[in-house]
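Okay, handing you the structure first.
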Amino acid sequence: MKTIVICSGGLDSVSLAHRIAAEHELLGLLSFDYGQRHRKELDFAAACAKRLGVPHQIIDIREIGRHLTGSALTDDVDVPDGHYAEETMKTTVVPNRNAIMLAIAFGVAATRKADAVAAAVHGGDHFIYPDCRPGFIDAFQVMQNHALEGYADVILYTPYVNVSKADIVADGAKHHTPFAETWSCYKGGTRHCGRCGTCVERREAFHLAGVTDPTEYEDPEFWVAATAAYVAEEVK
């Protein structure tokens, strides 16, 4: 299956790229610059493409991102600390981000005669991000079937959509993903902050997967209290 992977440079998408390279025909990586404050992740996507020996294309959609205001990922809004399941994490939503990126990716895939576009959406994203849920994925596929009818047959490949981030870590380890060469933190500092939702989720995932986490965090122990509070809330 000739596949283009949407790769942010994060743990999930880099692990997916390594999986595709091992199991299918990886045509290349596609990244998007939408004005995210953690733009350094794109450097990790470029490194992944070089490592796997495939082309890397960055699509500049900063002008679109400029109009998607109010998100902690693009605006001068504080990135909240804590677990992803907390209501405060909704400030990290960039409206329609995945829909926009996927539509562009499908156009690129059709032009390059790819069989699939792969995206690393996963079960842990469902609570906060509506465009990571199975219903969205299924509906987007139907829409693209109509949009490309008679021109190209491209599928949306999302092998992680119903699994946890811990499962992705395990899968990444299986396919020799160099986890130290991935970037998750939304704050875009020198090191992972260890406190934002994606850092907490990353740290927890390694713990649950039983895989050594090579990541350097500014606050390496914050995740313990953040995840404990979430579990306690679930029990109530």
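In case you wondered, yes, glycine gets a Cβ from its N, Cα and C as well.
Annotated ATP binding site per Swiss-Prot: Cys7, Ser8, Gly9, Gly10, Leu11, Asp12, Ser13, Val14, Ser15, Leu16, Ala17, in sequence order. Taken from Swiss-Prot, the feature Zn(2+) binding site covers Cys185, Cys193, Cys196, Cys199, and the record attributes it to sequence analysis.
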Consider the binding-site residues Leu11, Ser15, Ala17 and say which one has the Cα lying nearest the Cα of Cys185 (Zn(2+) binding site).
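Result: the closest of the binding-site residues to Cys185 (Zn(2+) binding site) is Leu11.
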Out of the binding-site residues Leu11, Ser15, Ala17, give me the one sitting nearest to Cys196 (Zn(2+) binding site) by CA distance.
Leu11
Do you know offhand how many angstrom separate Ser13 (ATP binding site) and Cys199 (Zn(2+) binding site) by C-alpha?
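Each residue's Cα considered, Ser13 (ATP binding site) and Cys199 (Zn(2+) binding site) end up 15 Å apart.
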Within 8 Å of the centroid of the Cβ atoms of Cys7, Ser8, Gly9, Gly10, Leu11, Asp12, Ser13, Val14, Ser15, Leu16, Ala17, which other residues of that chain place their own Cβ, given that this set defines the recorded ATP site?
Val5, Ala45, Cys48, Ala120, Thr182
Considering only the binding-site residues Cys7, Leu11, Ala17, which residue has the minimal Cα-Cα separation from Cys193 (Zn(2+) binding site)?
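Ranked by Cα distance from Cys193 (Zn(2+) binding site), first place goes to Leu11.
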Looking only at DSSP and grouping its letters into three states, which state does Gly9 (ATP binding site) belong to?
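Going by the DSSP assignment, Gly9 (ATP binding site) belongs to neither helix nor strand, so it counts as coil.
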I'm trying to understand the geometry here, so how far is the Cα atom of Ala17 (ATP binding site) from the Cα atom of Cys199 (Zn(2+) binding site), in Å to the nearest whole number?
21
Give the sequence-ordered list of residues that share a chain with Cys199 (Zn(2+) binding site), lie 6 or more positions from it, and have CB atoms under 8 Å from its CB.
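Looking at Cβ-Cβ distances below 8 Å from Cys199 (Zn(2+) binding site), excluding near sequence neighbours, one finds Ser184, Cys185, Tyr186, His192, Cys193, Tyr217, Phe222, Trp223.
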